[in-house]
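Heads up, the thing below is written out as structure tokens.
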Amino acid sequence: MNINDILKKLINKSDLEIDEAEELAKAIIRGEVPEILVSAILVALRMKGESKNEIVGFARAMRELAIKIDVPNAIDTAGTGGDGLGTVNVSTASAILLSLINPVAKHGNRAVSGKSGSADVLEALGYNIIVPPERAKELVHKTNFVFLFSQYYHPAMKNVANVRKTLGIRTIFNILGPLTNPANAKYQLMGVFSKDHLDLLSKSAYELDFNKVILVHGEPGIDEVSPIGKTFMKIVSKRGIEEVKFDVTDFGISSIPIDKLIVNSAEDSAIKIVRAFLGKDEHVAEFIKINTAVALFALDKVSDFKEGYEYAKYLIENSVNKLNEIISLNGDLTKLKTIMVKSSG
């Protein structure tokens, strides 16, 4: 593969085929392409607009080069991040609830643009985010939950870290996280930072051997199920791609004030989650339940979203014990107790 020819093709706004994109991504991730060319390629892709084939090719390369573990029937709640609203880390809270009934392989990283990525909030709760593969399998067996820290499970990505940091713009790698779970999770609730990317990412997901993925983008521009209004969804399954629009009131609840969901730090996010689990923060609890409801539908545990919401009400009642179990087997209970004390007021 001639990298300069690939670059010329991208500059001319021609899309790469899947195989071309996969080969290119492998060369970049392995550190075989000079940084100046890597930056040129990433910018050219962004300016052209990443195609479905390019996303699929890059995702396949990242999956192949990842440290892998096997977690049958797992669900992930990883989204793209990057909506910039700074809301409580609801995907992590939902993952904890889901682990009461199904294996969860939560793929994630530190915050991109928000105040609290999955890794940040789990650390604040006392969780040890560096989990080697054998230990990960053991934790799933014992607790139904494991966090797969992206930087640990995709070690070759260090070869592009400097370029990405120097560029300081969104690149194709920012949207690959939820498509590259190291446990090859077959089910997913995937928040998407932009409504415009729903179609592109759903078509990409369809090519990547998922059983069922629900991609969501909610009003007012949030990469979660909307707490205030409409959520735009793409439901991807073996049968194809279905487009759905759903309003928060369709759960049978009122809209949730967005300002009640904003956090200032990872610790703040952890406290809000624990308060919701304890029944002390109704707004955050509702936000967790509506997102969990859609994830339950992705797992085919319920027949519709409203039934999922009713199921989530039951799950959140058992969430504190589950969180204690998860941290006690892989973390620092002292940290969790500190958060519990701060949450009890």
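A Cβ is built for glycine as well, from the same backbone N, Cα and C atoms used for every other residue.
Listed in Swiss-Prot:
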{"type": "BINDING", "residues": "Gly79, 82-83, Thr87, 89-92, 106-114, Ser118", "note": "5-phospho-alpha-D-ribose 1-diphosphate binding site"}
{"type": "BINDING", "residues": "Gly79, Asn109", "note": "anthranilate 1 binding site"}
{"type": "BINDING", "residues": "Ser91, Glu224", "note": "Mg(2+) 1 binding site"}
{"type": "BINDING", "residues": "Arg164", "note": "anthranilate 2 binding site"}
{"type": "BINDING", "residues": "Asp223, Glu224", "note": "Mg(2+) 2 binding site"}
Pairwise Cα distance for His107 (5-phospho-alpha-D-ribose 1-diphosphate binding site)/Glu224 (Mg(2+) 1 binding site) [Å, integer]: 16
The one of Thr87, Ser91, Asn109 whose CB sees the fewest other CB atoms within 10 Å, among these binding-site residues: Asn109
Mapped DSSP class for Glu224 (Mg(2+) 1 binding site), helix or strand or coil: coil
Shortest C-alpha distance to Asp223 (Mg(2+) 2 binding site) - which of the binding-site residues Gly79, Thr87, Ser91, Asn109, Arg164: Gly79
Residue pair Arg110 (5-phospho-alpha-D-ribose 1-diphosphate binding site), Arg164 (anthranilate 2 binding site) - Cα distance, angstrom, rounded: 15
Candidates Gly79, Thr87, Ser91, Glu224 (binding-site residues) - the one closest to the residue listed as 'anthranilate 2 binding site' by CA: Gly79
Winner by Cβ contact number (other Cβ atoms within 10 Å) across the binding-site residues His107, Arg110: His107
Cβ packing number for Glu224 (Mg(2+) 1 binding site), 10 Å threshold: 27
Integer Å distance between the CA atoms belonging to Glu224 (Mg(2+) 1 binding site) and Gly79 (5-phospho-alpha-D-ribose 1-diphosphate binding site): 8
